[in-house]
């Protein structure tokens, strides 16, 4: 096994062992989805985003390709494709970096300190430059709409389930209907 392959596997294992949920998207070891939680004390707090990760063959010497699959409002993240400004990741990347560093430090820092001077989302950059309070409100709206986990279903309010339990046994079986094999 070559060193880059071993490094990919070790970095993925380290990410999984640090409580990130990973979902493989193909048979290739370098393509997967990570469940990423928004940083505390930010307008992204409470949100959970699916982030696509593709590791190049030359990883860790080349940075991974990272993109948000869940919609997010941020100047340096393209709203339609979820792509992150490549220069931002490439500028900070070194072979000493690893995937856990991306999710523990890089992405939270990107969300907490957007750069409206190098935007992929012009609307987000413009709003941030004009009115930071409105920008943060829009971030919270996107977080609530697209990145909040669905609340668990309340079984007791499900009418189909309550109908089944409220029906009597005489409703379940017709008197003329044969249940089980007939005696001969």
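Cβ atoms here come from the backbone N, Cα and C positions, even for glycine.
Here the structure is a predicted model, which means the values were calculated and not measured.
Annotation comment: TrEMBL describes 1-148 as domain 'UBC core'.
Taking Cβ-Cβ distances under 8 Å and a sequence separation of 6 or more, the neighbours of residue 85 (active site, glycyl thioester intermediate) in its chain are 76, 77, 115, 118, 119, 120. What TrEMBL records for 85 is active site, glycyl thioester intermediate.
Look at the compositional bias 'Basic and acidic residues' (139-148): DSSP puts its residues at 9 helix, 0 strand, 1 coil. Per TrEMBL, the feature compositional bias 'Basic and acidic residues' maps to 139-148.
The region 'Disordered' annotation in TrEMBL covers 139-184.
The compositional bias 'Low complexity' feature in TrEMBL is assigned to 154-163.
Same-chain neighbours of the compositional bias 'Basic and acidic residues' (139-148): 38, 43-49, 70-74, counting only residues six or more beyond its ends whose CB sits under 8 Å from a CB of the stretch.
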